[in-house]
């Protein structure tokens, strides 16, 4: 081949190389395209991608129906106590109430004297029976026994004013069998009677008894006539009775339980009719009374 032919061939190859398609899979495509090949099998799934961003808020939906009430839960532990609040403003002044009932103070008083027909003298240790009642509204003194029985606890004053005639006189003022005071007046066969007075204050509780008793058998000069009297008096100075509860609990003839501060007795209606601080009951028998 001549040099000119070689040069012409070189230029032709360069032109073809410049006009041909690029390499694909390390192969040089031919100038003539063939028919498409058969589709290949699907490839494997790729790796999971990273989480996407939160989506936008949805639109407001209509409220659903109210559900049933749930079961009550267990009580929680108490919380810490809060601080004391400020003092509130004073309230408005209330209306004036209706007047209440006046309290009625317990009462007890008596006065009795010897009747002219009363037999004298008495034996030593006997209670002098002042048998003619002057005053005994509450019925606490008995003319049959000559004894005063306490119904209202408190302090009492007792006194004896005696006319002494025909014999000297000595008597004791007794409380539950114990002499609280002893009094004496000598009589010297005078033409006119003499007098003797004695008294004392005693604290009594319900059931206590007080009476006048002859001290000596030869000194029994109590005397009574249309112009002179021998009297025995007693009255409540003040009561230490508080408000008492009332209930029907027992039914015994009589009993004094001082050790437990209870007085119980089958009481007559007269007892309650004079006892103003008790509420009235339909049945007066079988009661228990508590004292302070």
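The backbone N, Cα and C atoms fix where each Cβ goes, glycine too.
Now, the feature entries from TrEMBL:
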- 1-19: signal peptide (SIGNAL)
- 34-103: region 'Disordered' (REGION)
- 53-75: compositional bias 'Basic and acidic residues' (COMPBIAS)
- 84-98: compositional bias 'Basic and acidic residues' (COMPBIAS)
- 103-243: domain 'C1q' (DOMAIN)
Across the domain 'C1q' (103-243) the predicted model averages a pLDDT of 90
Summed over the compositional bias 'Basic and acidic residues' (84-98), the DSSP helix, strand and coil counts are 0 helix, 0 strand, 15 coil
